[in-house]
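Worksheet for the structure shown next.
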Amino acid sequence: MTNTPQSHPLIKIVNHSFIDLPAPSNISAWSNFGSLLGVCLGLQLLTGLFLAMHYTADTTTAFSSVTHICRDVNYGWLIRYMHANGASMFFIFLYFHIGRGIYYGSYTFMDTWNIGVLLLFAVMATAFMGYVLPWGQMSFWGATVITNLLSAIPYIGPTLVEWIWGGFSVDKATLTRFFAFHFILPFIITAMVMIHLLFLHETGSNNPSGMNSDSDKIPFHPYYTIKDILGILFMMITLMSLVMFTPDLLGDPDNYTPANPLNTPPHIKPEWYFLFAYAILRSIPNKLGGVLALVFSILILMLFPILHSSKQRSMSFRPLSQCLMWMLVANLLILTWIGGQPVEHPFITIGQLASVTYFFIILILMPSTALMENKLLKW
């Protein structure tokens, strides 16, 4: 028997995943974000690899090595800013991707959804550790504040913090291990993405109607490959505009000052994509309570399949639930704004109200509204 190219095991996998994959005929542009995240991950891996070739993970030379990359390495500034702003794009797409999953009820694919939440945690950990590497003021103090949160864990907390630091403060050992983890985690994320896709292809993709689409499937290529390429084109235009015109727009000016353990910046804050969680953390006066609220604000995503009480899967035909969904989005934008503000009146109160509202919408309003919609539709 002659060996056709499609009988090769590797080509077969690619073929079943990206070419002959049966896809619903009505999936909208919201479904583009999965492929955009894949491209973002590839871009981050590549730019990160080139940065690692010139970076030194030592407290005395880390800051200078980043400066050296920007000044002396051929197109080093481009690689550095593509990596920094690529992370911002990554999180924008992540939040859109999760939002799409909530809106269209994709969380009913529990295996895919849960590995997705774990992926979110892994990406957040990677981004946090990457932010520490340039060893600027905000890198150092961000690392100090966030790692210190673990000391709120009863009994083992303080020991755990010192164990993570590798000493009695954030220092050389901390920077070295953060670089090691920041380098290895994206490869673990890539493996998790493959598992994420494996679980998705077990069930097939969801679609905006939320109904079974087995009766109306089309091949992924050429229909959705072209659609994805258009999305990638838009992404690259946005990213390159950001990199070329305003590369520091989303960064913190404090990070252009080398780390100084003796001088605390007036406002310690993380990158913009963590501000909503940071606002929730700060809104609770108790340290342990704040840490629990912070963790639960992300872990709550795992409860969506359990809290789903509607007889319909998608929100496409549920106007009341749609209103709540957009209320949740507005609430998250308010939290993001508050996270970047100083801890003073009226921001403290606004942050506390927004934090309570966040949990209230997800845990109480959404499930009860879904039940009410069932009643209104006499289901």
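For all residues, glycine too, the Cβ spot is worked out from N, Cα and C.
For His83, His182, the entry in Swiss-Prot reads heme b b562 binding site, with the evidence type similarity to another entry. Long-range neighbours of His83 (heme b b562 binding site) (same chain, six or more residues apart, CB within less than 8 Å of its CB): Gln44, Thr47, Gly48, Leu51.
According to Swiss-Prot, the heme b b566 binding site annotation covers His97, His196. Proximity of His97 (heme b b566 binding site) to non-local residues of its own chain (separation of 6 or more, Cβ distance below 8 Å) is seen for Phe33, Gly34, Leu37, given in sequence order. According to DSSP, His97 (heme b b566 binding site) is assigned to a helical segment.
Cβ neighbours within 10 Å of His201 (ubiquinone binding site), excluding its own Cβ and spanning all shown chains: 14. A helical conformation is recorded for His201 (ubiquinone binding site) in the three-state DSSP classification. The ubiquinone binding site feature in Swiss-Prot is assigned to His201.
Annotation source Swiss-Prot lists transmembrane segment at 33-53 (among others), citing similarity to another entry.
What Swiss-Prot records for 77-98 (among others) is transmembrane segment, and it gives similarity to another entry as the kind of evidence.
Same-chain neighbours of the transmembrane segment (113-133): 48, 55, 57, 62, 66, 87, 90-91, 94, 98, 101, 106-107, 139-140, 142-143, 146, 174-175, 178-179, 181-182, 185-186, 188-189, 192-193, 195-196, 199, 270-271, 273-274, 298-299, 301-302, 304-305, counting only residues six or more beyond its ends whose CB sits under 8 Å from a CB of the stretch. The transmembrane segment annotation in Swiss-Prot covers 113-133 (among others).
Tertiary neighbourhood of the transmembrane segment (178-198): same-chain residues 17, 38, 41, 44-45, 48, 52, 55, 57, 112, 115-116, 118-119, 122-123, 125-126, 129-130, 132-133, 143, selected by CB-CB distance under 8 Å and a gap of 6+ residues from either end. Residues annotated as transmembrane segment in Swiss-Prot: 178-198 (among others).
Residues or ranges marked as transmembrane segment by Swiss-Prot: 226-246 (among others).
The transmembrane segment feature in Swiss-Prot is assigned to 288-308 (among others).
For 320-340 (among others), the entry in Swiss-Prot reads transmembrane segment, with the evidence type similarity to another entry. Same-chain residues lying 6 or more positions outside the transmembrane segment (320-340) and placing a CB less than 8 Å from one of its CB atoms are 99, 102-103, 269-270, 272, 274-280, 282, 310, 347, 350-351, 354-355, 357-358, 361-362, 365-366, 369-370, 372-373.
Here Swiss-Prot flags 347-367 (among others) as transmembrane segment, drawing on similarity to another entry.
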Given a separation of at least six residues and a C-beta threshold under 8 Å, show me what packs close to His182 (heme b b562 binding site) in the same chain. Thr126, Met129, Gly130, Leu133
For His182 (heme b b562 binding site), which DSSP three-state class applies? helix
Which sequence positions outside the transmembrane segment (347-367), separated from its termini by at least 6 residues, show Cβ-Cβ distances below 8 Å to it? 279-280, 282-284, 293, 296-297, 300, 303-304, 307-309, 321, 324, 327-328, 331-332, 334-335, 338-339, 341
Can you name the far-off residues of the same chain, 6+ from the ends of the transmembrane segment (33-53), with a Cβ under 8 Å from a Cβ of it? 69, 79-80, 82-83, 86-87, 89-90, 93-94, 96-97, 100, 130, 183, 186-187, 189-190, 193, 228, 231-232, 235
Taking the Cβ of His196 (heme b b566 binding site) as the centre, count every other Cβ atom within 10 Å, in any protein chain shown. 21
